[in-house]
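Worksheet: one structure, shown below.
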């Protein structure tokens, strides 16, 4: 039976660690660089006894109840065992001792120091000392001859010496090692060892082999080596019987040979490849304890078959990870790829390579670098039994002292051979696990630790029970459950506790739910799985439970126990998790190679409309890692963590891709430290986890403390200001994607959270833009502005203008126009989809059909007249178009901007012209303000009145979908930023303009919303009467007007500048009253003489439109009166 490698565990802090057994083998003793000696009853001992012997302990030895340690205060101390009571100092050196050993009967100890000396001291009478001088560098290791005649030592001077103890002379010296100046620089610590009992052979690890020297003749009897040894050997130890020799290398390989046959019996690879620096064979059985240079302790069991008949053809080269329970596959039929720290199932690649009739256990494929030298025999008439090859002299060359007789690698090529496989090796599949649980083999373990609570399982001699504890005791009180059915997996939610057990010979696998939130008295239910179907992973959601089974099925249940859907999984499950309506499943979608897992992920929504979001997409993992945690954030976003400490989240904003958001290894102090994730929050951004020193998981006692780690996206150059802000911006975007998801799925969320996030993101973008501006990266500025809201683009334009970046300001204003166009188009599309949108918006206002039908005629007129516009119209349309509900480039238009003062004019610079005053540009006096400006296509609009009016018609047509009809709706928040750029008006002016503007907006905006044409059936309005009387004046001022629509538009402009009282008088006149001639005279005078006042009025009106404050709605009667003239056009 091959050796079993148990999972390693944390023993001491990083550094050299030594190990030995007590006389009976009942406990393991280790010492390390933390200065502690720990006494372990076995590898699963969660509470080993600890004795502090100094600041650092370099070596320990134990015999006859005496524990001897070499410590950093340059002494060799004695403690009683197992009490740990100090029992004096045996000897001192001028520097620290590196190695201490007992002789056979425990009466003496030998110690070698960095001051080049070796001392042999009597344990009872420490005054009896012998000093051995001769080494020219620090002493690395020592070994007593079992017969107490010789003492062997190795040193940094490159020599291995054998001393005669009686007269302290050097019997022999071999220059075997590389020279170095100190122990820490030594390539190998060269822990040599004499063969027990007889002392016939001295084993010395040299480079990649073990040299064995015969006693007294000191000849090199033979060497033991193996093709898998790729690095220097560090240490050797003998089995108590003297038949086997074990060696450990600096890259974590442990090899066991049968010294008589020179066969390699075992090959085991350290899961992390750390140097083996402690190796001790159990005094009575085939067990080896080993330690590494990082402070970990491991145990190999069942080392070498007791019969001793195992040939090298049966060597099982295997590697097991620290997560032993994670992997499938029979231990007896797995071969390890030592280069890649992988284990593989031989069955997965044995067909066609190994004979089909021969049992897999009889011949293993040796893997790793020497594969090309392996000869795999074929089971046909030409194949020969390995023992025949060994014994048949015709097959073997004459044996030499140092060859490896019996090694399969030295077999001659047999007549017929199939080609051997020399490609990448398969990775063993990760076993199913429950997120937030600790390994199953522990007697005290966490079954689950999540954001709801903790479930612990105790399985020892006294008790087999489960404790359920809630973080918030208002959910439910703590519960103690008997674990009679031996439940192995558990989950916990606000509603229930879910448990599951594996099947036994007598009992089926069971799913047990404790539905503590149920309002009836029956609060638990149990479901038995079909025969031969085991539950492998479970989870709870809101109102449902799920169980993934070994039959590749996922079974859904209601929280009350009703069976729901059952569906097949594409591969063996690895883990499942639930949150609300979401269920995420990770499974094996294939076999990975060279240490990589090949996992797939499904994400389903189990609400009323059941749908699959992720359809078995590959799950990205770090190279050579495996999944250790799968779950959701408190806000409902899927996350997972791999064994390399990388936390990834689902980026819903980028097509459901996975983005790494944290590397927990960056926060670990030591190489063997890890963080064990228990929960994730997106707002605030918190990764809640438990720091585990020297381990991947925490112990149940003492209660672990939860730490909070920050998230950090793996962006480049995060040490720079630019990199930091980029990382912060995109992290903010990603961690607020859940708000859009919640909104889309009808969940409630705080609007203030989203607003705060947008504000934070825009601030970061503005800072980055300012930084790019300073670095004269203007193209980058435009790229950053493209990510901004319209509000922030306005600020960017202002910043660029004040920074005298005139081209940049121009580009940004063009971008603002595009953004406004996109926004308007998007809004228009939304309105088309909403059939009854207008009805909702017009609640409380006049909704007579004539109000809607009237503008349709005008819309038709506009469309007809649009064709008469010149080519420039197409350029100008989008510029003005944005005024609909995105009053963004108004900031650029303002006459008080620095850029304008310096002569640079942005693309939308029209002065303070109100976009809703249809053809203000056609009035010569008004345009005088604009005439001083240049470099803008819009400045030429005063050259042709016809062109101007056509432009304005285009404007109205373009912007019409944005403004809602007849609604004095408050302007968007973006106006608040735009208002920075405008002159303030008095409150009285604002109020007056509100009254004037509200009825006019629909007159120019609504036509596009009413595409159908209807005839006007209304009586004449005040505007129509005014137009009839003033038509001559308009035509005389504008002799080129030939189209009725042009006259109407010019009339609208002039009518709008009348005072409210005058317009009311005309409206009353239309209903039967008359307007006085004096009022007519006054009206004309105002239109023709007060051009500057008109301009100011328009500016005020424009600013008023952009006020972020909510405007007071006009009363219903006023609306009806004002809308009467706004829509009546003939």
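Cβ from N, Cα, C; glycine included.
TrEMBL annotations: computationally assigned, not manually curated.
Annotated repeat 'WD' per TrEMBL: 9-41, 132-173, 236-267, in sequence order. For 826-1019, 1067-1113, the entry in TrEMBL reads region 'Disordered'. Here TrEMBL flags 844-857, 919-958 as compositional bias 'Polar residues'. Taken from TrEMBL, the feature compositional bias 'Acidic residues' applies to 862-876. The compositional bias 'Basic and acidic residues' feature in TrEMBL is assigned to 986-999, 1079-1103. Residues or ranges marked as domain 'HMG box' in TrEMBL: 1016-1085. Annotation comment: TrEMBL describes 1016-1085 as DNA-binding region.
When Cβ-Cβ distances below 8 Å are used as the criterion, the repeat 'WD' (9-41) is approached by residues 48-64, 67, 69, 71-72, 79, 81-82, 84, 189, 277-285, 287, 289-299, 670-672, 693-695 of the same chain, each at least six residues removed from its ends. Residues belonging to the repeat 'WD' (9-41) score a mean pLDDT of 90 in the model.
In the repeat 'WD' (132-173), helix, strand and coil residues by DSSP number 0 helix, 24 strand, 18 coil. For the repeat 'WD' (9-41), residue counts in helix, strand and coil come to 0 helix, 16 strand, 17 coil, using DSSP. For the repeat 'WD' (236-267), residue counts in helix, strand and coil come to 0 helix, 20 strand, 12 coil, using DSSP.
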